[in-house]
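Colleague: What follows is a structure written as structure tokens; I'll ask about it next.
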Ligand SMILES: CCCCCCC/C=C/C(=O)SCCNC(=O)CCNC(=O)[C@H](O)C(C)(C)COP(=O)(O)OP(=O)(O)OC[C@H]1O[C@@H](n2cnc3c(N)ncnc32)[C@H](O)[C@@H]1OP(=O)(O)O
Ligand SMILES: Cc1cc2nc3c(=O)[nH]c(=O)nc-3n(C[C@H](O)[C@H](O)[C@H](O)COP(=O)(O)OP(=O)(O)OC[C@H]3O[C@@H](n4cnc5c(N)ncnc54)[C@H](O)[C@@H]3O)c2cc1C
């Protein structure tokens, strides 16, 4: 470990003794190789040793405006540091944008995040070569700073319902951008409030009197010198939120704002000088930026979950509470099976989500390369899988983070524990980039279509043809995975049966769809879980893992897939053979027994496993989770930073309380 200090809590010290596996091997696995670990460490040293990037006071004590200014100061300084970064610019940017290194410096949110996460990807994915040549260098050099402005006050999910219009005027060869109502105002884009001077704006394209649907436009919003909004642009920040408060999410209205024709991003569709519209090969290609971010979100949520699990696990081994054996010393709370039940599933989930996200990232790269060559075959599978994993990782992630917080008792409720921030970020991911329920329904649409038409991509192949595999309780990993598969198929069939039942009653397809939503969502979730479980099991089959690492990862894998099975045991009723043979109870009992055994087997390695994440104290940013386990001293030191502790009697006592005490009410 890079940060061994002179003090080490004796309980943590003991936890770390006799670790049966090589922690570094797991670190390297998670980083993507030994060289990547070295590169990450070097980068962390470079960034975290800079005194100017450290907070003078905890951010919680600053006003909304001061927090923004402070995070912007550090974000700009980070950009200056890019040039000399030992890791090179691209890996540095990647590390700085997310929940890892970036969040250690920019705790409240990065005001430049949208520029890198959406604006540049939108230019790359939607702009022609000429447009990229015109804008990309400026964007990379930070001569311009952009955001992605799609959501409006009245519509976020339903993109076809967006109200902002871009009407082509062939006389001047310009588009006229207009917000026809208050609900048409862009609302939510990050960095829009105060930081960005450009945006990719999604608007309904009108040409020759016809609406051609939503399209991306490159729009300058603020003067490049004065930063004042340009005439015809109404712009501001939307105010404090549950979290991510320095991402300066903003609003934006257009009052007959004109832009040249060539600022329609024309990679996939064009408007010619005379106003002729040239269609894209697929109308959903303009949604590609969202697909990219959904993939990135899975990785980001996983990093955040690793932080939460590390904090909670270390704390649970330091914290002693109550009595396990009457009269004995208070045990580490981690020794309660109930605590293991809270923390070991999220610990296992960090591996499951990372492996599945890696898989998705590979699919994204292959599909994207193919799309660049005009081959769209992988697009439906990529859309289905990115929706499924984004929704699953963020919803399960948010629940797990909250469990981690609860597992730390009262201290987990402190702002300095870092749980509020982590939760704020992970739960935001449940909403942004497609609200999760809406994404589940997109996944369901793909599953139903595949099952009915018997054709679909790699991730849905199991829905094509008859079920194969054992039909009884089988306690091997393969057997359990097959159970997941049968449940997923069973739930799709139930959803289809519901749709057909409604159809027979004469309901229109859209009503039938709405009335089957509960089943459809269950089917989509079962599909996503199957993918994660298969990724986990398959990843352990390959790769040159040492025997001790393989053993502990296999235990985590088994624990995780049994945990989900037990959580969702009701869904086993949808597996046909189980209903007939009354196997659900047997299944439940067998699995519970195994699950409890696995909790006990993994418990001794919990601290070693979170140590393997190799998250520096600055990244964890929590007195509860520090490597040395000096929890109480660190909590006390944090309290000393409260402005209320800077004087023994606060001035408000004299103003308000003293008069009340003397008033004889
Ligand atoms: C480090 C992390 C930092 C992160 C910062 C994040 C900042 C946040 C940014 C944002 O939130 S930006 C705004 C994001 N907004 C959304 O995600 C909106 C969600 N809505 C949609 O994506 C879509 O409108 C919809 C809900 C998917 C539905 O669209 P629509 O009504 O037009 O389509 P359908 O009729 O339902 O489906 C038609 C057809 O199209 C396919 N499809 C839909 N989306 C895509 C896609 N993205 N790619 C490929 N294909 C897509 C869909 O499957 C249907 O196919 P068929 O069944 O007809 O074959
Ligand atoms: C932190 C944060 C950052 C964001 N950043 C950006 C950004 O940079 N750029 C940008 O353009 N946007 C951004 N957004 C906006 C975000 O993308 C939208 O909030 C999101 O897509 C959800 O849309 P909505 O708010 O309109 O919710 P709604 O669609 O109004 O959802 C409300 C409820 O209705 C349900 N619902 C809606 N449609 C259906 C349906 N068809 N079937 C069943 N249920 C349905 C939903 O499940 C939900 O429960 C951000 C949002 C947040 C929270």
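Counting starts with 1 at the first residue shown.
Each Cβ is built from the backbone N, Cα and C atoms, and glycine gets one as well.
Positions annotated as domain 'Acyl-coenzyme A oxidase N-terminal' by TrEMBL: 22-145. The FAD binding site annotation in TrEMBL covers 151, 190. The domain 'Acyl-CoA oxidase C-alpha1' feature in TrEMBL is assigned to 287-448. What TrEMBL lists as active site, proton acceptor is 433. Annotated domain 'Acyl-CoA oxidase C-terminal' per TrEMBL: 477-662, in sequence order.
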Colleague: As a test of the contact definition, list every same-chain residue at least 6 positions from residue 151 (FAD binding site) whose Cβ is closer than 8 Å to its Cβ.
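Modeller: Within the chain, residue 151 (FAD binding site) has Cβ neighbours under 8 Å at 186, 187, 188, 189.
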Colleague: If one measures from the C-alpha of residue 190 (FAD binding site) to the C-alpha of residue 433 (active site, proton acceptor), what distance in angstrom results, rounded to a whole number?
Modeller: 12
Colleague: If you skip the near sequence neighbours and keep only those at least six away, which residues in the chain come within under 8 angstroms of residue 433 (active site, proton acceptor), Cβ to Cβ?
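Modeller: Expected: 290, 293, 294, 297, 390.
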Colleague: Tell me, how many other CB atoms lie within 10 A of the CB of residue 190 (FAD binding site), whichever protein chain they belong to?
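Modeller: Other Cβ atoms found within 10 Å: 27.
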Colleague: I'd like the per-state residue tally for the domain 'Acyl-coenzyme A oxidase N-terminal' (22-145) from DSSP, helix first, then strand, then coil.
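Modeller: Counting residues by DSSP class gives 89 helix, 0 strand, 35 coil.
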